[in-house]
Amino acid sequence: MTDLLDDAARLRRGLPDDVGDRIVESLYTDAARIAEASVDRDDARAKLTVDRALDRVLTHRVWGFLAMGVLFFGVFWFTIAGAAVPSDLLYVLLVENGHAWLRDGFDAVGAPWWLTGLLVDGVYLATAWVVAVMLPPMAIFFPLFTLLEDFGYLPRVAFNLDRLFARSGAHGKQALTMMMGYGCNAAGVTATRIIDSRRERLIAIITNNFSICNGRWPTLILMGTIFVGAVVPPALAGFVAAGSVVAVVIVGIGVTLAVSWLLSRTVLRGESSVYSLELPPYRPPQVLRTLYTSIIDRTLKVLRRALVMAAPAGAVIWLIGNVHLGDASVAAHLVTAFEPVGWVIGLNGVILLAYLVAVPANEIIIPTIVMLTLTVGANTLGAAPGVMLELGDDAQIGSVLVSAGGWTLLTAVNLMLFTLLHNPCSTTVMTIWNETRSVRWTTVATLLPLGLGFAVCALTAGVARLVGWA
Amino acid sequence: MGAPLPSPGVGPPPHEDAGACASCALSPGSARLARLGMDPGRYDHVIALAGNPNTGKSTVFNALTGLRQHVGNWAGKTVARAEGGFSYGGVGYRIVDLPGTYSLLSTSTDEDVARDVLLFGRPDVVVVVVDATRLERNLPLVLQIRQITGRVVVALNLVDEARRHGITVDTRHLTRELGVPVVAMAARRGQGVPDLLAAIAQVATTDDPPAPLRLVHRDAALERAVADLAAKVEARFPGVPNSRWVALRLLEGDAGIEEAVRNGTLGDLATPVEAA
């Protein structure tokens, strides 16, 4: 049945070696001829395009990076400044009043204390907290980010970063998957399919976690606002807070490049692929449509996921806080066990326990930390357990963390670093497994960031203590 | 080397309310269009949506199905294959969004996927979305698809953007050159969707689609070899419509097509309909 193939081979021998190139060339000649005959070009108008002028700035070796910094800083600043008021409102409505009403309601119908505790103090409170902390920043951040994407800016970022990625032995398209990761790491890992070489694809998968995802932005923004912004005069607080978030993003890009470089020099050695990156034309963003889709598709989707994760996590938090083993609650035992490690890396036992509870979703880190601090911290400090109801706004969350949790600026800074550098959420880990089908690489992608997080946080804690800042 | 397109006629029972959905009347001039989202129910025709990256394929897909697949302004955004459906003039269509590719030369997984669907999936209509501002760069893909099949509609998208850049495309001339309908569109604004639907319906129902495009090679030796081998392909697989395209691939030593010759899959391309 291979007579045809033999014929083909015989005919091919009669043709020059570059027959493939000639066929392609012939195709492109025809395409050029048809295009030439069908297109009428008004060159005078074509030269006036804003695109070229914009690209000259946005992809400039120096101005390009500056513009990148300014644009992202602007996005974060808008998010931080704009989310404060609605966040406070939601907080008062859902966490303070909503919780009190629900508690009264449960008391009124004579529900047993453990049921009220599990459902109201656990499930409801965690969920309400997630909504109050996450909804406003997401509702501002996603539309802004999507507008940039719609405008055609993201490929320019990839273009700017391409040289850096090429130098670290990674694929230039990794800049694009990294951008996807800023939305969601699971999506970013899936997006690495655009990289054909397995070696470069693995590098992109392993380093995708260094792009801060949806679930982690709120933690960074909150820490930046409460702790970092608080050390400067109020007038500058917003700028410094946004600056601290941008700083973490830049550290993330640095770590991405460094880890890519290390991997491509050691276990994932090989050739760099060549590729062409098409810079699409700038398009006026469709503002209303973008607002609609980014709120429906991204904000609500992420929020739904957060809620689905927060509800059981709330129950777990309440249970470990209220089930006693011997003289202390399960949570207290765990916190005590984690405390030494936590201290070494400039965090504390509560934070490490919170990361354990929040493996399914990073979104619930802050609520988990606050609730655990209140349950465990309140007992150790001898404060009334009802203190959590008096939390009014971000500043009060901060004061609770400081007074009941013993937090310092070092704790906050290290939490920001740890937010960047820790294991991916379980969804991302599953996605990595699906995409690589390799236990080894899934393990590497999970544990490498965690190890880095421990190392970096231990280093900053050590230095800070040595210098006497903490 | 599968044929990953579903075959018509399977699926849940027909939607009685096709054409009667309230939100569909919103789309201008296409009152006969019922967008069925991801659940096309029973369908009569399969459409493959092809095109270079970042030509607005996803926008066209959304305009037809009413789905809101995320649309990004960068090449390579659509990684996973999306499917959806719509009904037009009482006829059900299932539409498969292929990954954006610059060619079908099989240099990447995406190109392999797109080529296999186009060749072995034998869709009833291939809609090729083309960027009017970059016609020259988009045409090679159109020509390659035209070499495989005549059941093609070219959606000349982004004509509004082209106009802003001082570019006008003569669609009548392009139609003559390519031998298939060319529809000017600005899919972001919903312009051209009714024309596209009409063209799709026409191509889907015709019993006599245009023959696959014959590109005559100027290189005489190459042209002789192609003609020679194409005749042998036809002798070996009677009724294969795109023998010249197959011959080209065999001359290149394309592994996928060689495999299809070896296991006889290529013979399936001779449809009873087209042979009759």
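Including glycine, each Cβ sits where the backbone N, Cα and C put it.
Note that TrEMBL annotation is computational and uncurated.
Here is what TrEMBL says about this protein:
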type	residues	note
DOMAIN	A:133-224	domain 'Nucleoside transporter/FeoB GTPase Gate'
DOMAIN	A:245-293	domain 'Ferrous iron transport protein B C-terminal'
TRANSMEM	A:62-85	transmembrane segment
TRANSMEM	A:123-148	transmembrane segment
TRANSMEM	A:217-236	transmembrane segment
TRANSMEM	A:242-263	transmembrane segment
TRANSMEM	A:302-321	transmembrane segment
TRANSMEM	A:341-358	transmembrane segment
TRANSMEM	A:365-388	transmembrane segment
TRANSMEM	A:400-421	transmembrane segment
TRANSMEM	A:441-464	transmembrane segment
- [ ] May I have the DSSP-based helix, strand and coil counts for the residues of the domain 'Ferrous iron transport protein B C-terminal' (A:245-293)?
- [x] 28 helix, 0 strand, 21 coil
TODO: Please average pLDDT over the domain 'Nucleoside transporter/FeoB GTPase Gate' (A:133-224) for the predicted structure.
DONE: 83
Task: Stretch contact, the transmembrane segment (A:217-236) with the transmembrane segment (A:341-358), Cβ-Cβ under 8 Å, 3+ pairs - done: no
Task: Residue numbers, six or more beyond the limits of the transmembrane segment (A:302-321), whose CB comes under 8 Å of its CB atoms - done: 117-118, 121-127, 129-131, 134-135, 138, 184, 214-215, 329-331, 334, 357-358, 360-361, 363-364, 367-368, 371-372, 375-376
Task: Distal contacts, the transmembrane segment (A:400-421) - CB-CB under 8 A, six or more residues away - done: 210, 212, 216, 219-220, 223-224, 226-228, 231, 244, 248, 251-252, 255, 345-348, 350-351, 355, 362, 365, 369-370, 373-374, 377-378, 381, 383, 387-388, 391, 449-450, 452-453, 456-457, 460-461, 464, 469-470
